[in-house]
């Protein structure tokens, strides 16, 4: 049954809001309905008596979020996500900046993707974990706004950057004779991406308040909750709906169309052109592997963020009520998308594998000094080559391209530019 207005006054007396100012985590709640200065009567009447009873009995923010099993699982999951995300995305930036031949617009976009993942890993994920463990927000007003902004801004930057990568790959493969996006233009596009992401993220970050609730003399909790301007219900609903459509569904639609056309070109086109069959097939394998890698990145991003986006959208539409365990599980699943990309790059890109091996070798015990080793009867490669050629380089066995240029399965993020136009 719905809560009578008279009973609302009694319930309000048992939960006293002692302070108001600041951000929201991602799940609005009954506290916002109780204390929000602009909470509408429709929103208040949307809960049953059982809902309000559970809230006053502190089940909503107490026992539900303190389930030991759920807490332990999410602590481990969040911790692994933070460690792997930071290590992997820093490695991505290191590899691209270190390799001169990887300096291209596509590589800049991939670095931008890694930077967005690092931002959300540092400014949102740890704070959300602590909020879940303590059932209260302990970082103050400033970080409440910053954490909320980081989550939305990183999501928007990632979606827009993946769209830019898809458009760039479409341009390179569908129109190989046209000039590619230069590094300067790539920097400009990245700047535009961040401006757009900031613009769409600020409403979520600004419309937040830090509410402090006194349940008893010993139990006081602070919560980051949304506090949208009037009409609050409609503002919240349409803001989340616009965000979901413009910065999640629309980018994924553009990406899908771009990669579908690229796949049709690569998998169905059989024109060889003025190159050998071996060179042509090697080039196609390289481009196919690159496209597969980028498509896999997009698919994982879409799958990881879909549950949380749907949850927030349904919540703002009042189709469901809040659920702590469900929200934090969806939030972790979305945050886990930040640590998958580096593993995909290392799996499908030789440059990343080489750099990872080099970093791991630095952590191993250094070899023994040269004088402690027994002399080898076999001369080194350099000595043997010099003695054999007498200072002259041996001729190549044939006139084909070096095998390193025609190996299959090696992906170069910046070398998808075809040698020949394919019809």
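Placed from the backbone N, Cα and C atoms, the Cβ positions cover glycine too.
Of the listed segments 187-208, 209-230, Swiss-Prot assigns transmembrane segment to 187-208. The membrane topology recorded in Swiss-Prot places residue 186 on the side opposite to residue 231. Checking Swiss-Prot for transmembrane segment across the ranges 72-92, 261-281, 366-386 points to 72-92.
The transmembrane segment annotation in Swiss-Prot falls on one of the ranges 34-54, 328-348, namely 328-348. It is 108-129, from the ranges 108-129, 394-415, that Swiss-Prot records as transmembrane segment. Long-range Cβ contacts of the transmembrane segment (108-129) within its own chain (Cβ-Cβ under 8 Å, at least 6 residues beyond either end) map to 25, 74-75, 78-79, 81-82, 85-86, 89-90, 92-93, 96-97, 139, 143, 146-148, 150-151, 153-155, 157-158, 161-162, 164-165, 168, 183, 186-187, 189-190, 193, 297, 328, 331, 335, 337-339, 341-342, 345, 413. Of the ranges 146-167, 239-260, 294-315, the one with the most Cβ pairs under 8 Å to the transmembrane segment (328-348) is 294-315.
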